[in-house]
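Asks: Sharing a structure here in structure tokens format.
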């Protein structure tokens, strides 16, 4: 009966091979249909390099874009070869500027962008992919949108998880308060994801400090003057009950420090976030107890580099593992003990980054 | 003037009554609102805005509008910081020279604004809005996006030194308010501003050089913006492109809430003082009573509309545009 067995085995194998072959064939046809126009011009030559962001007034975005300019210079181009798409906090402007630039360049574009808010990321990415251009995004993206769903054109997404670092700074703050008293939180624009994450970090830490009360949390919109006014009003509302201040970023902390100085209060424990040079100096002077550096300079440069090198074909995004396409940026906690050393390494002169080391300083795959 | 015999008196005092009602309201909800220390805090937050609002009051009295204040304040703040630090960074040394130079810078910005508006015959709304953006861009160009810290203890004494529980800057603001009142009521320029605002054809027909008055008005406003910029820097010790942020809404709202008519000719700096205090009391009070942050912007807008309804005389105008 062995010949029957052989026959069945042979037929099974053939059938499997046939299925494999047809699946590959159909898939190939489908992929060809989907990415046909894009595949035909997989590598661009001398694409326009652009950065889309809020504005340069904000020191954080200024650092991001400075990194982008550094990357452009590493190609031997002048600094102003980088095209700036400034959205001033408007998603509509962000999208329409991208479409205008795609039209102008005929899709010969390497774009790094923060789409301003999460829902706006999809139309931006779709417009770029449709034109056969390349895009790397940071910060704002909905959870259901992934680079690997767009072949090579959606190169990568980088974000920063701020919950854990904000929790770390909160613990430093709560310890400095002696584990008791009242803390106030001054947050960013309420709907921004970093603002939400940084507040969450504080709340996580508070679970371990039952004697500390969260007196209030108010948005200060990342703005020094608004923070100054909110902190003054907090002083009226709570007076001496406030024994510590958790700030969502450095620009807020500056306003808080000045509101306290106006009242002659010099020794209030404060922590912040972002690691701006002046904040690091204040950490060294122990006016701020901790801040978190997210290396926006590197983030801005590497996002432009990823989009550019994918566009020119130096690497093929679709051949990279998922953790190279959605990853966290670096976070470094800065405390009074290491502030000066940190400042010397990262801030006094920007380190000479290798912009082809795409994922070196990154911080693992994004988890949802 | 039918029905209520005291209507005119009531209208004149309406903004002040609105301010008192607001203060009673916030005090009722949170007694800590009514304390000298909190009034000092409100005064600190109001002082820079008051200077800017007094400046724009002169423009609105003429029946024009000036929206360049955010750019002007940023340029003045950043210029001050650069000159101040270049001259040694201390009021004790040559640094004091930066103060008058900043006022000159403000006047020059106002002059440009007035010239563009009058000579190029561009509506003040558009000319000033555009120049405001130019100002913000200029400040950006000067700083490259960096912030400049001003740490000189003598300059910061405007905030840190207190007389009778109020920082020095409050008294300085008071002096400039008196100066504004003097210009408005005791000088030819002040009366000419009212004349242009009350009826430009008539003023022109009476032989008044309206173009000159307009340009002077914009220069005067520029000087007050510069004073506002100095106070904003004194308050937070930082000069940056963002120093001007938020002044447009606060100052225009304050002028209107205070009872100065947007169509010109009526109102003045005292109305503006009350208007700035109304806006500042609302801002401070909402946080003090613990109103959730997501409601504050909406409530601020509603309160401003209510304040305008209560404190301006809209019966005398047939058209609102």
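Note that Cβ sites are derived from N, Cα and C of the backbone, with glycine treated the same way.
According to TrEMBL, the protein has these features:
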TRANSMEM  B:12-30  transmembrane segment
TRANSMEM  B:42-65  transmembrane segment
TRANSMEM  B:71-89  transmembrane segment
TRANSMEM  B:96-116  transmembrane segment
TRANSMEM  B:122-142  transmembrane segment
TRANSMEM  B:163-183  transmembrane segment
TRANSMEM  B:215-234  transmembrane segment
TRANSMEM  B:246-263  transmembrane segment
TRANSMEM  B:269-287  transmembrane segment
TRANSMEM  B:294-312  transmembrane segment
Asks: Under 8 Å between C-beta atoms and at least six residues away from its ends: which parts of the chain pack against the transmembrane segment (B:269-287)?
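Replies: Same-chain contacts beyond the ends: 15-16, 18-19, 22-23, 25-26, 30, 33, 38, 41-42, 45-46, 49-50, 53-54, 57, 177, 180-181, 184, 250-251, 253-260, 296, 299-300, 303-304, 307.
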Asks: Spell out yes or no: are there three or more C-beta pairs under 8 angstroms between the transmembrane segment (B:163-183) and the transmembrane segment (B:294-312), with each pair 6 or more apart in sequence?
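Replies: Between the transmembrane segment (B:294-312) and the transmembrane segment (B:163-183), which are separate recorded stretches, there is no contact, as judged by 3 or more close Cβ pairs.
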Asks: Pairs of Cβ atoms less than 8 Å apart decide it: which stretch in B:12-30, B:71-89, B:96-116 has the most with the transmembrane segment (B:215-234)?
Replies: B:96-116
Asks: The transmembrane segment (B:246-263) and the transmembrane segment (B:42-65): do they have three or more Cβ pairs under 8 Å, with pairs 6 or more apart in sequence?
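Replies: Yes, the transmembrane segment (B:42-65) contacts the transmembrane segment (B:246-263).
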Asks: With a Cβ cut-off under 8 Å, give me the same-chain residues at least six positions beyond the ends of the transmembrane segment (B:246-263) that come close to it.
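Replies: Residues packing against the transmembrane segment (B:246-263) from afar: 11-12, 14-15, 18, 48-50, 52-53, 55-57, 60-61, 63, 65, 67, 69-70, 73, 132, 197, 228, 271-276, 278-279, 304, 307-308, 311-313, 317.
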Asks: Can you name the far-off residues of the same chain, 6+ from the ends of the transmembrane segment (B:96-116), with a Cβ under 8 Å from a Cβ of it?
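Replies: Hits for the transmembrane segment (B:96-116): 66, 68, 72, 75-76, 79-80, 83-84, 87, 122, 127-128, 130-131, 135, 214-227, 229-230.
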